[in-house]
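Before any comments, here is the structure.
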Amino acid sequence: MRQMKTLFVYVHVGEEGNMMQQLLVNRDTASLGYWLDWRVFFCGTMVIFFMFIAFFLLWKYEWSARKDDSGGRYADDQRQWEEGKAAAAEAWRPCVKEVNPFCLLAFRLVSFCLLLATFSCHVVVYGGSLFYYYTQWTFTLVTIYFGFGSVLSIYGCSQYIKATMTVINDDDRWKEGLEDKLLITASAGEYCNGDHHHHVMKRELTDDYHNTDIYPKRAAILCGYVFQVLFQIGGGAVVLTDIVYWFIIFPTLDDSDLTLLTVVAHSLNMLLLGDASLNCLPFPWFRIAYFIFWTGAYVLSQWIVHALQSIWWPYPFLDLSTPNAPLWYLVVALMHIPCYGTVVLLVELKKWVLSKYLPSYVAF
């Protein structure tokens, strides 16, 4: 088989001469000979294998764990309902109870506006070909995450306002309850400051608010789970995208090859990690499966596109005709573990710090 060479070239896009990196190959990817190769078979088997592992993780820890051993029915409907309510409420609650949910809403709205503006500029300048890149897939996902999160935060803040108004309107009831509690305390021969009791009762009501059902609709529960999955996919994809760009691609570029939009896109992605430090969403290890499915969908879509027409590869390591293609696919697949693990470590570190120094204010 003839040895094929690949090279990078830069082409001008648009009247302003913006640079867009493209990989050209001197082999027809739409030909049958390109796909009848041992490297294609090896890489395809590898992709299917990792996606099978992802499916197994979801089956074992996401789906099977919610059912009993005897009939496929929920073992405890009440427990499932409570978990669903918690998932819905976690979508908009800050990780610290004393932090107003409007703070998280403001962060998400500002982030969404920045991401949407950058996304729009990218599409206008580069067109639809931009979606050949995994970076743009990730950027689009993060933009959707912040847009969806803003909607959920707006709804959650409306519920927070209702609960706050209830607290204000029930102040007389608290005072009556305070008098009763003071009488009980006095009859037991104990002494306690009235202001302290008033503070404790308010705090108990606040704690009850954080544990009560404010999302009565099942649609809200579904939105909570979907939002968690978007967060968990985006977290791993952001780290993977930025590591590949800043540590592999960026060092090979000249100053003349850099564009402001590209740098901004790979910087704004990190806003998702900022949201991770503020929210109280979980980040379990087994949901790396969704991250694997996300990358697998991107790879398979690239194969389908290149099988239908012979075009440039957006990344050199995706080219199945290169001698080191199987090694590149294996390295990128294994990179999913530390990339996802980085966000897991960030979330667990946040929980540890808050539990140690602010144990009574933790919202998860």
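Keep in mind that glycine also has a Cβ here, set from the backbone N, Cα and C atoms.
As annotated by TrEMBL, transmembrane segment applies to 38-59 (among others). Nonlocal intrachain contacts for the transmembrane segment (38-59), taken as residues 6+ away from its ends with a CB within less than 8 angstroms of a stretch CB, comprise 286-290, 292-293, 296, 299-300, 320-322, 325-326, 329-330, 333.
Residues annotated as transmembrane segment in TrEMBL: 102-125 (among others).
Listed by sequence, the residues of this chain that lie at least six past the ends of the transmembrane segment (131-155) yet keep a Cβ under 8 A from its Cβ atoms are 91-92, 101, 104-105, 108-109, 111-112, 115-116, 118-119, 122, 220, 223-224, 226-227, 230-231, 233-234, 237-238, 240-241, 245, 265-266, 268-269, 271-272, 275, 294-295, 298, 302, 305, 314-315. What TrEMBL lists as transmembrane segment is 131-155 (among others).
The transmembrane segment annotation in TrEMBL covers 225-248 (among others).
As annotated by TrEMBL, transmembrane segment applies to 260-281 (among others).
The transmembrane segment annotation in TrEMBL covers 288-315 (among others).
Sequence-distant contacts of the transmembrane segment (327-347) (same chain, at least 6 residues past either end, Cβ-Cβ under 8 Å): 43, 46-47, 50, 235-237, 239-240, 243, 273, 276-277, 281-283, 285, 288, 291-292, 295, 317-318. If you look up TrEMBL, you'll see 327-347 (among others) marked as transmembrane segment.
Panel annotation: around the transmembrane segment (288-315), residues 22-25, 28-31, 35, 47, 50-51, 53-55, 57-58, 62, 132-134, 137, 141, 229, 232-233, 235-237, 240, 332, 336-337, 340 of the same chain, lying at least six beyond its termini, place a Cβ under 8 Å from a Cβ of the stretch.
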